[in-house]
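Novice: Quick one: the structure is below, and I'll ask about it shortly.
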Amino acid sequence: MRALWIVAVCLIGVEGSMIEFGKMIQEETEKNPITSYSLYGCHCGLGSKGKPKDATDRCCFVHSCCYAKLSDCSPKTNRYEYHRENGTIVCGSSTFCKKQICECDRAAAICFRENLKTYNKKYKVYLRFKCKGVPEKC
C-alpha cells in the first residue's frame, strides 16, 4: 500500500490545494481520492483528452475548466481553508483566488458524490490512449 501512495504522489502531486481537494472528495464520497479518481476516465488526474466517459469523468472535465479559468491563481498549489456547517462544505474567504479555487474543488467533490451510483470501476484506471473524440470546450 505504501508503494501505491508513493506512485500516486508522483502522478498527481500532493501539494497546495490538492490536499484540501483530496479531503473534500474523501468526506463527500467515502472513497480514497487517489485510488478512485486520480486515473479515472479521460479527464481525472493529469491531462484531459477526448470526450468524458460518464458523469464522474464529466465532473473532472468541469473541474479542469474551472481551474483553467483561475490559472493566474495557481489552483493546484495555492492552499485554502474550508470547514463544514451542518455537513455542507463552506469555503473560507481569505483571498479571491483561494475562495474561487475552493469553490471549484467543492463543486467537483459534490459532483462526485451525486454521481456515485454511476461510478464505473472499468474507468477507475483508464488508459488515456483509449480516449477518443474531439474534446469539448469549457
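Here the Cβ of each residue, glycine as well, is placed from N, Cα and C on the backbone.
As annotated in Swiss-Prot:
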type	residues	note
SIGNAL	1-16	signal peptide
DISULFID	CYS42-CYS131	disulfide bond
DISULFID	CYS44-CYS60	disulfide bond
DISULFID	CYS59-CYS111	disulfide bond
DISULFID	CYS65-CYS138	disulfide bond
DISULFID	CYS66-CYS104	disulfide bond
DISULFID	CYS73-CYS97	disulfide bond
DISULFID	CYS91-CYS102	disulfide bond
REGION	121-133	region 'Important for membrane-damaging activities in eukaryotes and bacteria'
Novice: Let me check the 10 A CB neighbour count of CYS73 (disulfide bond). How many other CB atoms are there?
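Specialist: Excluding its own Cβ, CYS73 (disulfide bond) sees 20 Cβ atoms within 10 Å.
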Novice: From the DSSP assignment alone, can you count helix, strand and coil residues within the region 'Important for membrane-damaging activities in eukaryotes and bacteria' (121-133)?
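Specialist: Grouping H, G, I as helix and E, B as strand yields 6 helix, 0 strand, 7 coil.
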Novice: Taking the Cα of CYS65 (disulfide bond) as the centre, which of the disulfide-bonded residues listed as CYS73, CYS91, CYS102, CYS131 lie within 10 Å of it?
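Specialist: Cα within 10 Å of CYS65 (disulfide bond): none.
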Novice: For CYS73 (disulfide bond), which of the disulfide-bonded residues CYS42, CYS44, CYS102, CYS138 has the nearest Cα in space?
Specialist: CYS102
Novice: By the count of other Cβ atoms within 10 Å, pick out the sparsest of the disulfide-bonded residues CYS42, CYS59, CYS102, CYS138.
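Specialist: Each of the disulfide-bonded residues CYS42, CYS59, CYS102, CYS138 was scored by Cβ atoms within 10 Å; lowest is CYS138.
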